Amino acid sequence: MNPWSSYLLGWTTFLLYFYETSGKIPNLSSLGKHEFTKPWISIKEDQKDSCVFPFVYKGSSYFSCIKTNSFSPWCATRAVYNGQWKFCMADDYPRCIFPFIFRGKSHNSCITEGSFLRRLWCSVTSSFDENQQWKYCETNEYGGNSFSKPCIFPSIFRNSTIFECMEDENNKLWCPTTENMDEDGKWSLCADTRISSLVPGFPCHFPFSYKNKNYYNCIGKGTKENLTWCATSYNYDRDHTWVYC
């Protein structure tokens, strides 16, 4: 292979990598020596705190980990980036939102469409077309305290039999990895490919913020009739737009 061919191959590989991780072809004229300097220069990484989604960085809101100015995905640990951050591990990413809109079509599971490497991915908001926020799908259970063992259903949890993934206080979906969670206490985070449509589709917007808390499902709070509802934009407290589910 001559030097010119090696040069072209190197740039082609770089462009494919950049597209796959950022979702767009970079402006080559902007790739100066400072393009990939970390946004947190001289700021200590805070691995003890959890990711906060969405977070605001340089005026834009992000619902997932990003690679802006970095080769490794990271997130802010404050709602507005103030120099506090951490590198993202698999269990730091937000959960998939199903259904989600991509290129005007509703999807109820992870898809490969639009991915050069045909890797499964999902949107982390109700509309990829609107927010362009996404992540690769986990195809196996991960995290938890059982070394990523697969879900076991049915299982006993709090003296009841459960048959599907459960939502915890951090909006993560988890599952028991033994037949009796009450006795064994073993669990994993659910694979994204195990999850299907859990919430209504358009016009609900998931997640949405109500009284400064994120919700990933329809809720009954704030209604006298105990009917469930959802916001149709991320910030209900600002926009006050909603529908019954």
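Numbering starts at 1 and runs along the chain as displayed.
Note that Cβ sites are derived from N, Cα and C of the backbone, with glycine treated the same way.
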Between Cys88, Cys96, work out which one Swiss-Prot annotates as bonded to Cys65 by a disulfide.
Cys88
Hey, what's the Cβ neighbour count for Cys65 (disulfide bond) at 10 Å?
24
Find, for the listed disulfide-bonded residues Cys137, Cys175, Cys218, Cys245, the residue with the lowest Cβ contact count at a 10 Å cut-off, counting only other Cβ atoms.
Cys245
Cα within 10 Å of Cys96 (disulfide bond) - qualifying disulfide-bonded residues among Cys151, Cys165, Cys204, Cys218, Cys230:
none
Give the number of CB atoms, excluding that of Cys151 (disulfide bond) itself, located within 10 Å of its CB.
19
Inter-residue Cα distance where the pair is Cys122 (disulfide bond) and Cys137 (disulfide bond), in Å:
6
Packing count at Cys96 (disulfide bond) (other Cβ atoms within 10 Å of its Cβ):
24
